[in-house]
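Annotated in TrEMBL:
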type	residues	note
DOMAIN	244-363	domain 'DUF6545'
TRANSMEM	6-22	transmembrane segment
TRANSMEM	29-47	transmembrane segment
TRANSMEM	67-85	transmembrane segment
TRANSMEM	97-117	transmembrane segment
TRANSMEM	137-160	transmembrane segment
TRANSMEM	181-202	transmembrane segment
TRANSMEM	208-232	transmembrane segment
TRANSMEM	252-268	transmembrane segment
Amino acid sequence: MNSASLLALLLFVLALGWRVYQLVRSPRLPNWAVTATIAAFTAAFLFQQKGISDWFDALTAPGGSRLANNVLLACAACALLIFFHGSALGAGHVRRVLLELVPLAAAVVLMFVATAVTPVPLRGAALSPANVHVSGIALFYLGAGLYLIYAITACVWWIARYQRTADRHLRTGLRLAAAGLASASIGSTFRALYIVVAWAFGPAVPTLLLLGVPFVILGSVLFLAGISYPGVRARFSALGHRRRRRDDLERLAPLWTLLATAYPTIVLRTPPGGVRDRLAVHRRYYRRVIEIRDGLVQLSPYLDTDFAALTAEDPAAAAKALRRALDRHAAGEANDGRAKLVLPGGASDLESDVRPLLALSAAVSGKDD
């Protein structure tokens, strides 16, 4: 296996791993279908490698690896078509989705029959001018190719329909996948034409076969890039979000330290076996925000200003008011016992709620300096 094949295998395995992860989180029909698609493509790619194909032929029979490779490619195309059917039609159209198994079964049966009628020494042979007129080989490749043309063309049609409602990043991946499938369909069409022309007019036209190869290779690369793009981009986006949360966690530390020192009970207990909780940045971030808000609410009876408005308008003045309140609490001064509003209202999400806390923590840190 050369370096290009190793790289392609690595990409297939990464894409498959990502889809299995998604399947575990949401085991629905579309996720099952797309996972089966990538798994079948990966297995088909492996059967194209000489070492594996020779081993499989020795284990089964001559031509076994060629048959397995083409059956897996057909299954992958069918699974992808089922994915689009399932996504577009929904769970209520299972019968319509499962009807796609009928042409797949016909193509697979045809490939088995064609292999059986092919002379044993030629069963593992690739399509070439030397054997294109052998009926078993011609029937095998024509049947497999026609099914791929049908399934891939249908997938491209569904992608063109589906991508109109997809978000921007998913749309990019779908367009790449559609371009890859269209290219592969063109390559399969050249191969089918090569067989038809050879049988209709006698002499083979090798140019048709050669023209199809780059289209199939380009199509495989673009399709793999298309199905991988949304997941890879989502992972990079998640890493960036995680990094921002980690930075915010550190920026909130000065404010949290002040409040946790004054009110140790605000620190939430980590349950037994909560190692994952201690390591997860998002969980630590949410805990810290909750603890800070709890501390501010407990301290609010000692605040003698409109702390919420002051935090929004002048974080430095709010930091001074916070320290005065902490001093009053430490001295045991009496208070009215009434909790006050400590953060500006109207926040529509957590980020908006945390923004004044970050400003207040920065002011507290500046005071410490």
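Cβ coordinates come from backbone N, Cα and C, glycine included.
Note on the transmembrane segment (208-232): residues 8, 11-12, 14-15, 18-19, 22, 34, 37-38, 41, 127-128, 169-170, 172-191, 193-194, 197 of its chain, located 6 or more positions outside it, place their CB under 8 angstroms from a CB of the stretch.
Here the transmembrane segment (97-117) has long-range neighbours at 29, 63, 66-67, 70-71, 74-75, 78, 81-82, 85-86, 89, 123, 135-137, 139-140, 143-144, 146-147, 150-151, meaning same-chain residues at least 6 beyond its ends whose C-beta is under 8 angstroms from one of its own. Listed by sequence, the residues of this chain that lie at least six past the ends of the transmembrane segment (29-47) yet keep a Cβ under 8 A from its Cβ atoms are 8-9, 12-13, 15-16, 19-20, 22-23, 53, 56, 65-66, 68-70, 72-73, 75-77, 79-80, 82-83, 86-87, 91, 94, 97, 224, 227. Proximity of distant same-chain residues to the transmembrane segment (181-202), defined by a Cβ-Cβ separation under 8 Å and at least 6 residues beyond the stretch ends, is recorded for 127, 129, 132-133, 138, 141-142, 145-146, 148-149, 152-153, 155-156, 159, 208-209, 211-216, 218-220, 222-223. Same-chain neighbours of the transmembrane segment (67-85): 29-30, 33-34, 36-38, 40-41, 43-44, 47-48, 53, 56, 93, 96-97, 100-101, 103-104, 107-108, 111-112, 115, 140, 144, 147-148, 151-152, 154-155, 158-159, 162, counting only residues six or more beyond its ends whose CB sits under 8 Å from a CB of the stretch.
When DSSP labels each residue, the domain 'DUF6545' (244-363) comes out as 86 helix, 0 strand, 34 coil, counted as helix, strand and coil in that order.
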